[in-house]
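S.K.: Feature table excerpt (TrEMBL):
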TRANSMEM  A:15-35  transmembrane segment
TRANSMEM  A:42-61  transmembrane segment
TRANSMEM  A:98-123  transmembrane segment
TRANSMEM  A:190-216  transmembrane segment
TRANSMEM  A:237-258  transmembrane segment
TRANSMEM  A:270-297  transmembrane segment
TRANSMEM  A:309-328  transmembrane segment
Amino acid sequence: METILLQLLNGLDKGSAYALIALGLTLIFGTLGVVNFAHGAIFMIGAFCAVTLSRLLSLSFETIDPTKVDFLGNPAKIKTPYVEAWFGHDFGGALIDWAVPLAILFSIPIMIAVGFAMERGLIKHFYKRPHADQILVTFGLAIVLQEIIKYFYGANPISTPAPDAFKGSFDFGAMLGFDPNMIIYPYWRLIYFGFAAVVIGAVFSFLQFTTFGMVVRAGMADRETVGLLGINIDRRFTIMFGLAAAVAGVAGVMYAPILSPNYHMGMDFLVLSFVVVVVGGMGSLPGAVAAGFLLGILESFASMNEIKAIIPGIDQIIIYVVAIIILLTRPRGLMGRKGVMED
Amino acid sequence: MSKFDLTRRGVLKTGAITGAGLALPTIFTSGASAFTNEPMGGTVTLGFNVPQSGAYADEGADELRAYQLAVEHLNGEGDGGMLNTFSSKVLEGNGILGKKVQYVTGDTQTKSDAARASAKSMIEKDGAIMITGGSSSGVAIAVQGLCQEAGVIFMAGLTHSNDTTGKDKKANGFRHFFNAYMSGAALAPVLKNLYGDDRKAYHLTADYSWGWTQEESIAAATEALGWETVAKVRTPLGAGDFSSYITPVLQTDADVLVLNHYGGDMVNSLTNAVQFGLRDKMVNGKKFEIIVPLFSRLMAKGAGENIKGIHGSTNWHWSLTDEGSQAFVKSFGTKYGFPPSQAAHTVYCQTLLYADAVARAGSFNPCAVAEALEGFEFDGLGNGKTLYRADDHQCFKDVLVVRGKENPTSEYDLLEVVEVTPAAQVTYAPDHPMFAGGALGQCNAG
């Protein structure tokens, strides 16, 4: 029972990352009709926004301490962060400690700008081209973005811890009447799950309850008619691209303490997120979210030792097996609409 | 009608041509190249094959820095580094056998096929007389095989799998770095002192050659102490989030987690394990412990605070106070502004050891070099007295047991040496079952 609860929590957590990325992918596909393979790279850039802000806040000046020596035996240079010098040790220290949550604010304008630049600079030239061209160009873009990040930040993962207040884990077992320490879950992962729920809710509300959202939904259904009504649908779609980039970006920021960011983390998520989109149904936002959680939970259960003892290696293939079964029984995915990618 | 129209003149003619043909190689070799890429001019070219992209690129970059430093020192530039402390004194800072050392580099991308292609190109196009490099056992084993076929010496860089000098050993290949068996042999007594002899270990293992041999070695060493191995779980390379592999650990009665991971995988799995509160957990009345058998400073940096208090083993560490280590740290630190990693140290040593063997042999012929390296005993390169064993071309030297430092004084001061395990304690018989299955074969000069 404990194992099942724990793996369920794990699955929800993994699923929330998949759902957030898949949501952005579906938004872009639904509005612009573009299969964006660079979306994983946007998630990765988001994570590196957290790394960057953490480094900016830790920028230090050096003073020489003659009482200590460095590794070469010279007088040691002591680093003091500027923010600590300017705002005092306590407040400056707290700013550095809270770098990851602060990076959410820092990342939103950056990610929207990255989204606009990608859409206006490259992707808009491929709207009328076949999907294969779009996949090739966005895949190439993802590799370019990866290499740029690697050039500046190196290839090793960079530890980006959560604030001290959120370190440690919550003992669900003790709360639910099980033995203590049997079902524990890190605070930050619980926060991530809550954060994903809020972001997903916000995106749906935005599309459902605002005029802008209504126009976008109308455009997703019939782009031509909306255009004929005198609405500049292209501009709205560009904004949606920026929004999708911001969603993936903040998902990346919040994921940084869970998985130390490295330059290829986006690619690791991208393939799975595409499976999520296909299983959920191309162009269906609720489908993407539902499939994200479903596959996250299944993947988590498949890596249980008891399951692997029966079917070795199942944890590696479960997502693809489920994808095959769903596509065979429901070719449009769980909630796919008729006519999407079928022309 | 007969198909064979033999005449006396025909037989003589054919015989003469065949004889001349057979004699031709010896005519050429006596005056021309006697072995692959024999250096003819005033220079000799070495091939540095390191990961310049991919997951181990940072380690590759550090290896390349050390290679460049070694070339400078061999050519008599800089402060000479460990040439001053090396017990063998035949190198004079005038290149190798009077020929100026130059080098070419290749990118292994941490992929066996890319590594073989770049090594092949360096041998065939650039005329490299020796190939060196690594950072992954899979890659090292693949390139070692290629060098054996091509007739050049391979001086392995960072490769820790038992197989490199075990079942996949080659007559042309040599390894200075320690191996998984040695990690187990060095760690076991320390673990016994720290955690006792009644423990239950849970292994998470990277699913490839190195991970398997390390899991086998550590499980054997800890089981010999009386520990029980509860589970051995294989994880895919580059799994990213290891949480679904960590949570099952909570459900067992294991009280030790052994992470047979390296590089980014180790950083992620350790971070996940700490996040799930494993280090604060009490099982069977004992504090839960995590062990990372193969440590490196570059990995420790990635893992940040999570590394504190965790034990592992390493080939070398910059804080060692012997003369050789200090000379190397001084040269490297002055040139680059930070201390070298264990990967940098092993490749620097390998370059010097190759040059020294050529100088002692008086020839670049790979077979002469191999003979000079076999059974060679030396000191002054940072690991104490070391033997290049002739049976398997593996170096036997002291192994360091290290611990993540609780209160680092700088960004490089992440590990502290807990014990220097003497070479005798990590030495094994050449026919040890973990290394069985292969043969060195014959040296190939091309």
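Backbone N, Cα and C define each Cβ position, glycine as well.
How buried are these features, and what lies next to them?
M.R.: Same-chain neighbours of the transmembrane segment (A:237-258): 17, 20-21, 23-25, 27-28, 31-32, 39, 42-51, 100, 103-104, 107-108, 110-116, 118-120, 123-124, 160-162, 188-189, 191-192, 195-196, 199, 203, 206, 212, 216, 219, 266, counting only residues six or more beyond its ends whose CB sits under 8 Å from a CB of the stretch.
Long-range neighbours of the transmembrane segment (A:270-297) within the same chain, counting only residues 6 or more positions beyond its ends whose Cβ lies under 8 Å from a Cβ of the stretch, are 7-8, 11-23, 25-27, 29-30, 37, 39-41, 43, 142, 200, 203-204, 207, 220, 319-320, 322-323, 326-327, 332-337, 340-341.
Same-chain neighbours of the transmembrane segment (A:309-328): 272, 275, 278-279, 294-295, 298-299, 302-303, 334, counting only residues six or more beyond its ends whose CB sits under 8 Å from a CB of the stretch.
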S.K.: Please identify the stretch among A:42-61, A:98-123, A:190-216 with the greatest number of Cβ pairs below 8 Å relative to the transmembrane segment (A:15-35).
M.R.: A:190-216
S.K.: Who are the chain neighbours of the transmembrane segment (A:42-61) in space, where the CB to CB distance is under 8 Å and they lie at least 6 residues beyond its ends?
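M.R.: Tertiary neighbours of the transmembrane segment (A:42-61) are 21, 24, 79-83, 85, 95-96, 99-100, 102-103, 106-107, 110-111, 114-115, 118, 145-146, 149, 153, 158, 160, 245, 248-253, 255-256, 259, 261, 263-266, 269-270.
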S.K.: In the same chain, which residue numbers or ranges, 6 or more beyond the ends of the transmembrane segment (A:190-216), come under 8 angstroms Cβ to Cβ?
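M.R.: Hits for the transmembrane segment (A:190-216): 12-13, 16-17, 19-20, 23, 27, 31, 166, 170, 226, 231, 233, 236-237, 239-240, 243, 247, 250-251, 254-255, 258, 285, 289.
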